[in-house]
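A short write-up of the structure that comes next.
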Amino acid sequence: MKRTVSICLLRQDLRVHDQPLLHAVHHDKEVTHLLPLYVFDERYLELSGLPGYERDGPEARTRLFGFWRTGVFRARFLTEAVYDLRNTLRSKNSDLLVRFGKMERIVEQVVEALKENGDEIKSVYLQKDFCSEEVAIERRLDSLLSARGITLSLIDAAPLIDARDLPFPVSQTPDVFTPFRKRVEALGPLGRPPLEMPSQLKPFPSLEEGKSYPGYGKDLDSKGVEDVLLPLLTPLQDTFETKYSGSEWPRDLKSAFPYAGGETVALERVNWYFHQGDPPPVSKYKATRNGLLGHEYSTKLSPFLCLGMISPRTVMKSLTDHEDKYGESQNTYWVKFELLWRDYFLYITRKFGTKLFTLGGFEEVTDPKQASIKMQPGWWKGWDQEGSNEQPAVRWMQGRTGVPFIDANMAELRESGFMSNRGRQNVASFLTKDLQVDWRIGAEFFESHLIDYDPTANYGNWQYVGGVGNDPRASRQFNPIKQANDYDPQGTYIKTWLPALHRVPTSHIQCPWVLKPAQRAEFIAEGAYPESPVIEAPNWRPHYHKKGPGKINGNRNERVKNPGPGGPKKGRGEGRTTTDSDGSTSKENRRA
Ligand SMILES: Cc1cc2nc3c(=O)[nH]c(=O)nc-3n(C[C@H](O)[C@H](O)[C@H](O)COP(=O)(O)OP(=O)(O)OC[C@H]3O[C@@H](n4cnc5c(N)ncnc54)[C@H](O)[C@@H]3O)c2cc1C
């Protein structure tokens, strides 16, 4: 009997629950066989460590500053997720074809192999992406498939709120988060329910006896994740800015995100966070979400959401099930609030397109006059990659700024691939506002290192903190000493990630450069930590020996309550200073 096959090309949707691609194929009566395919794409992940792999294009480096595009932590997390998905699919009468190369090329080869086998190919399903590079790949895929009479079906499934349910056309997404949130919240319950998935899928279209699908990876079909991990991760150690904890990259027990990748772990985590214990951990979210240490202070769902190991609708369902039992609360509200930030960045990117990545950011569209000022030579400092390691950008990357709160956060990122939201805001503000370094250096560095990297959330947040995005208070700036006093009053977080400072008394842990030479010699081994900070701002001094109340429940993301008026002005730092409820200060130097 002739087989009719559809291919599900999985990308940032590595799951079988609430999986619209698999769902669509399952309900297509004409299709007899389902071929789930994952391609490790050489443009995103360096594949040269695989034995005999021949790269078609350049190394998988970030666009401007040449970091590995997918660093070691996300590479591991992704690989674990792919093989976890393969196991799950195998338990559902299916399988996952795993290949390495360029996505379009592999699809072409697989299609040819099916045709040669006498099969009919009906459609290729793919989750729609809206970032420019991915859209270009989709276009190429579409043209090669349509030339063969095959449909490319793109399904838009990344956001929580379906685009069809938005109370405005995507092209009119409000520029600022708060109006976006208010209009979406007015819709009522957030998001559609997750899809009901079949327990067994349509059979995998194996080729005739003895034949395997073409493309690099044939020899790995019978192998497991461990066989793939080591060669994949090996070239990624060739970098000056990441610190590995060991040759086999064990998970750092200090990490706030000590989890393996995959849908299995994602579902366990969501269940644990919303349903385990009485009351479950989410019941403290509002009070703990600005935490720095341990896995419990926030949901830790971002890495799973970014690669689609869990769907946002499944998270919302779990959250509303929790509310059915325990009632709605400030805690559950704030989780929804944060999930709307995720949707906001997804939709605002659809509106502003490639401006996500440009120096002038979204502001080039929303306020071209301001943007042109910030694009003039001299506004941002660069990074000479052949230059000294004492350049501010390098000290920031390597966690050697001499400001312990900044360095501890950078150490956490470099050694674990994760950093809290509080930490991200501080290190981003420090790089862009204190050191005045090009925000895209920070964004690309995060792109390389974060386990939970997502282009819209990462570049969107960097623009926001760097003052070129959609923050009505573009000059918002965090005082790292005050922040450390508020969120790490005993210096426990700093000492966890900067063991060189473990003997420094609490009174000086935020500002060790103030220690007298004899004290310094007593508490810090020579050469173990920078003697003076890369920069010292006058407004830090009043906070040097103050200890805050341990303010981990400060306002996190509702960054602007009453955006003040004030026309655009020229230089950095002009205008009246105000303190916002998230602990940052800003100059009222631009239009809200
Ligand atoms: C400079 C900078 C870069 C960032 N880069 C990324 C990134 O690449 N990927 C990413 O997912 N988040 C990014 N964030 C947002 C935020 O820091 C992380 O989503 C959050 O720390 C993840 O931890 P969590 O899952 O425990 O979050 P929770 O506090 O539990 O929040 C729940 C979910 O809401 C979403 N969310 C929360 N805050 C934000 C936010 N500000 N923007 C968008 N979504 C949010 C995430 O999906 C998160 O999982 C960045 C923030 C900053 C300041």
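Glycine is no exception: its Cβ is also placed from the backbone N, Cα and C atoms.
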Given TrEMBL lists Ser298, Thr299, Lys300, Leu301, Ser302, Asp452, Tyr453, Asp454 for FAD, the same-site residue among Tyr285, Tyr464 = Tyr285
Note = If we take the Cα of Trp439 (site 'Electron transfer via tryptophanyl radical') and draw a 10 Å sphere, the binding-site residues of Tyr285, Thr299, Leu301 inside it are none
Note = Cβ contacts within 10 Å for Leu301 (FAD binding site), all chains included, total 22
Query = In Å, rounded, how far does the Cα of Trp462 (site 'Electron transfer via tryptophanyl radical') sit from the Cα of Asp454 (FAD binding site)?
reply = 12
Inquiry  = Rank the recorded positions Tyr285, Trp380, Trp439, Trp462 by how many other Cβ atoms lie within 10 Å of each Cβ and give me the one with the fewest.
reply    = Trp380
Message = Among Thr299, Trp380, Trp462, please name the recorded positions whose Cβ is nearer than 6 Å to ligand 1.
response = Thr299, Trp462
Request  = Grab the pLDDT values for the domain 'Photolyase/cryptochrome alpha/beta' (4-160) and give me their mean, rounded.
outcome  = 96
Request  = In whole Å, note down how far the CA of Asp454 (FAD binding site) lies from the CA of Trp380 (site 'Electron transfer via tryptophanyl radical').
outcome  = 24
